[in-house]
Amino acid sequence: MPLHSARAAALLAWVSSTKVCTDPFNDLSQLRDCSVFIRIINKIHRSEEGESVLEQPLPERISFIRGFLQKHCKHKSAAENLVSVQELLEGEELALAKVAVLLLYHTSMSCKSPGDWNEFDYKTQVELASILKFVLDNEESLSENLETFLQRKALLSSSSASTSSSEEHSPLLSLPHKREVRFLELQKIASSSGANNVPLRSMLPGPPSSPMGDVMQTPQFQLRRLKKQLAVERENRDELEVELAENRKLITEKEAQITMMQQRIDRLALLNEKQAADQREPREMEELREKNESLMVRLHEALKQCQDLKTEKGQMDRKINQLSEENGDLSFKLREIASHLVQLQEALNELSEEHNAALAQSQEKQGQLESELRAALQEKKCSEEKIEILQGKISLLEDQLAKLGDCSAQEKGEVMGDVLKLEELKQEVSSLAAKGAELQATVLRLEEEKQQREAALQSERGRFEEEKQQLGGLVASLQSSLSESHQARERLEQDLQGREAEARR
């Protein structure tokens with residue numbers, strides 16, 4: 001089955017946007033030598049560790065790429081089964097697309113911010129967002145589902161994408177009294193985050209500017225990024241602890257050498273004293289004295305070096321302890337942040353459910369009001385038409401009675417029936433007029449109730465959007481807190497690396 005053309009085009013647009021090559025890519029077959037993937041990996045790590053691999057044959061390049069993916073994917077066995085060596089050697093477009101998807105996911109988790117995606121057009125962002133959301137939702141079964149996702153027909157993918165988009169961007173309303181209670185709960189969650197020293201820089205950010213921004217600002221994506229950053233920091237801490245153990249071993253060896261040199265010096269000193277007591281100065285004694293002086297100089301140098309190493313060891317021990325404490329604090333903060341994000345997501349889901357229910361109820365009520373209004377207007381129109389007909393009849397009868405005013409008494413008696421008939425018409429007109437007035441009042445009441453209902457719904461929409469923006473601001477502030485902790489961790493790592501290099505010299 002061929003690849004989904006829109007998703008393949010979006011992946012190529014993302015690869016071109018990395019600017020690892022000057023010319024843009026128009027076909028996946030242009031990536032078959034895998035050099036672009038290696039340059040993207042180097043750019044992610046801001047290093048040149050893969051430059052030497054670019055000069056090696058294709059199998060070594062593929063091995064380097066698979067090693068990177070296995071190291072940074074959540075499940076190494078899944079990553080190993082996901083990308084086939086044979087398919088990459090044959091340059092199959094499906095295998096190349098899989099590698100591009102995994103690198104896109106890793107890059108967005110590592111260094112991309114929502115604003116960086118504005119360089120893409122809206123259609124490309126929609127496809128990239130659908131790819132990123134798919135990987136987030138299928139991490140446990142990626143090797144079984146990614147191939148089907150990349151080959152999915154356009155009709156199915158567009159239908160699902162539109163459904164997802166409508167679900168994410170549909171306005172969410174709910175009844176006023178329930179919304180106020182829920183918003184108080186959200187404010188309580190936000191204030192609890194502030195009480196734990198989580199900086200809240202901006203509680204009212206602007207709406208997301210792109211589909212990729214929408215995905216990257218969801219609690220699911222933010223929590224996955226926090227977990228990934230914590231795992232990287234744990235690996236860095238383990239590496240530092242290994243290096244510290246090596247330095248401690250080096251210091252122990254230096255101390256052993258110093259002890260042996262001190263013992264030799266002590267023996268030479270005893271021999272020197274014995275020679276002085278005999279008052280003999282043979283040539284061998286002169287050589288021993290010179291050796292003794294040379295050893296004393298080397299001893300002082302070794303003692304000074306040992307003292308420096310001990311001082312640096314103490315500093316590194318303190319730094320490691322501080323690092324462990326910071327890592328513990330970071331882990332605690334991550335658990336709190338994860339808990340808060342789960343609470344926020346649950347609260348948002350409840351708000352959505354309440355709003356959908358309220359919206360359905362309001363729409364049903366509005367439909368009833370409009371139906372009643374149409375019926376009342378129709379009945380009013382019928383009454384007015386009847387009144388016009390009856391008034392015409394009344395006018396006709398009054399004209400006839402006026403003409404018969406001069407007739408004989410016998411003829412007047414015959415016309416009395418028409419007079420009664422006329423009185424009945426007037427009463428009917430009065431009754432219809434009263435009913436028309438009642439219908440007019442009903443129409444006015446229904447229209448006023450409809451306007452009030454629409455105003456309430458509009459107010460609820462504004463209130464919900466405001467609360468949604470505040471939730472987004474809270475997630476952003478939590479991410480900023482972790483970023484500050486990560487920067488402090490990098491500064492500490494650089495300091496330890498500098499001291500380690502000095503100690504080795």
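Glycine is no exception: its Cβ is also placed from the backbone N, Cα and C atoms.
Feature list (source: TrEMBL):
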type	residues	note
DOMAIN	6-153	domain 'Nuclear mitotic apparatus protein 1 N-terminal hook'
COILED	223-257	coiled coil
REGION	454-505	region 'Disordered'
COMPBIAS	460-469	compositional bias 'Basic and acidic residues'
COMPBIAS	486-505	compositional bias 'Basic and acidic residues'
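DSSP labels the residues of the compositional bias 'Basic and acidic residues' (460-469) in these numbers: 10 helix, 0 strand, 0 coil.
Summarised as a single figure, the pLDDT of the domain 'Nuclear mitotic apparatus protein 1 N-terminal hook' (6-153) averages 86. Each residue of the domain 'Nuclear mitotic apparatus protein 1 N-terminal hook' (6-153) gets a DSSP state, and the totals for helix, strand and coil are 110 helix, 0 strand, 38 coil.
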